[in-house]
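Some features that TrEMBL has for this protein:
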DOMAIN    27-176  domain 'APS kinase'
BINDING   35, 36, 37, 38, 39, 40, 41, 42  ATP binding site
ACT_SITE  109  active site, phosphoserine intermediate
Ligand SMILES: Nc1ncnc2c1ncn2[C@@H]1O[C@H](COP(=O)(O)OS(=O)(=O)O)[C@@H](OP(=O)(O)O)[C@H]1O
Ligand SMILES: Nc1ncnc2c1ncn2[C@@H]1O[C@H](COP(=O)(O)OP(=O)(O)O)[C@@H](O)[C@H]1O
C-alpha cells in the first residue's frame, strides 16, 4: 500500500502566472518567516496580511502552529519530522503562490537545508526568506506560550534554541532585528538588547533597527534608512516586508505586452 506512484503525469493549465498576475494585480510569492519560537513570526505575518488586505492585495498565512492541527498533525519535532513539516508547508505555499497569492509562512523551520529545498521548488524570485532575528534571550523573556519555561524545566525535550538547533539564514532577503545600534557604531550585543528591556516589557522599548541584506539595487537601501528612523515595532517590521514586496515589483500587475 505504501508504494510511490509512477503512472502519473503533469497536466498543464492554459492559465499561467502572467494571466493570474494581471487579474490579481500582483505576483504570487512565498514570504517565508523563520526564527525562534517567540521571535514574532506569527505577529508580523498577521500584520503584513492586514496591511496587504487593506491595500486590496490577496494574501494568506500558513502558520506552522496552525498547520500542525491538520495537514501536519501526524508530525512531531524530531529533525526528520521538522523536515517533513517544512516540506509540506512549502508544497502548500507553492500551490497558493502558483494561484497568485502572497503567501506568508510563519514557521521556525530551523534547518537551512529544509528551507533551501523549499526555495528550489519555487520559481526564481518566488521565495523571499525573512529572518525574524530576535535573540534567544529576548524570545525567552517574552515566552508568550510559557514553552521556554517548560523546556527549561525539562518538560519539553528538543526545544529549538534550548536543546535543539536553530540555523539562522546566511543570506536572507530581509533580516528583522531588535538589536540596538550604538550611535554611529556597530550593533551592540543581544545581551545589551535584553538588558535594555524591562521585565514584562517587549523588546520594542530598545532602539531597534531593521537590517535589509538584499541587493541595494532593488530599493533595499531605501528600506534600511526608513526602518532605522521608524524603530521596530511589529508594524515597522510588517511595513519593511511590504516595502520589500513593492521593491521587488510583486505588488503591481505585469506591464502589458
Ligand atoms: N520542541 C519544540 N520546538 C519548537 N517549537 C515547539 C516545540 N514543541 C512545541 N512547539 C510549538 O510548535 C511551534 C513550532 O511549530 P513549527 O511548525 O513552526 O516548527 S518547525 O518549523 O517544524 O520547526 C512553536 O510555535 P511558535 O512559538 O509560533 O514558533 C511552538 O509553539
Ligand atoms: N517587533 C516585534 N515583532 C513581533 N512581535 C513582537 C515585537 N515586539 C514584541 N513582540 C511580541 O512578541 C511575541 C511574539 O510572539 P509570536 O508572534 O507568537 O512569535 P512566533 O510566531 O515567532 O513564535 C508577541 O507577544 C508579540 O506581541
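Any Cβ shown, glycine's included, is placed from N, Cα and C.
Please treat TrEMBL annotations as automatic predictions, because they have not gone through curation.
Features as recorded by TrEMBL, highlighted on the structure.
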{"residue": "35", "record": "ATP binding site", "Cβ contacts under 8 Å, 6 or more apart": "41, 108, 131, 132, 133, 134, 166"}
{"residue": "36", "record": "ATP binding site", "Cβ contacts under 8 Å, 6 or more apart": "108, 134, 136, 139, 160, 161, 166"}
{"residue": "37", "record": "ATP binding site", "Cβ contacts under 8 Å, 6 or more apart": "108, 139, 145, 147, 148, 159, 160, 161"}
{"residue": "38", "record": "ATP binding site", "Cβ contacts under 8 Å, 6 or more apart": "134, 138, 139, 140, 142, 143, 144, 145, 147, 148"}
{"residue": "39", "record": "ATP binding site", "Cβ contacts under 8 Å, 6 or more apart": "132, 133, 134, 139"}
{"residue": "40", "record": "ATP binding site", "Cβ contacts under 8 Å, 6 or more apart": "132, 134, 176, 234, 237"}
{"residue": "42", "record": "ATP binding site", "Cβ contacts under 8 Å, 6 or more apart": "63, 65, 106"}
{"residue": "109", "record": "active site, phosphoserine intermediate", "Cβ contacts under 8 Å, 6 or more apart": "32, 34, 64, 82, 86, 89, 115"}
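Excluding the listed site residues 35, 36, 37, 38, 39, 40, 41, 42, the same chain places 106, 108, 132, 134, 139 with Cβ atoms within 8 Å of the centre of the ATP site Cβ atoms. Checked against ligand 1, the recorded positions 36, 37, 39, 40, 42, 109 give 37, 42, 109 as the ones with a Cβ under 6 Å from it, listed in sequence order.
Per-residue pLDDT, averaged across the domain 'APS kinase' (27-176), gives 97. The number of other Cβ atoms within 10 Å of the Cβ belonging to residue 41 (ATP binding site), over all protein chains shown, comes to 27. According to DSSP, the secondary structure content of the domain 'APS kinase' (27-176) in residues is 61 helix, 28 strand, 61 coil.
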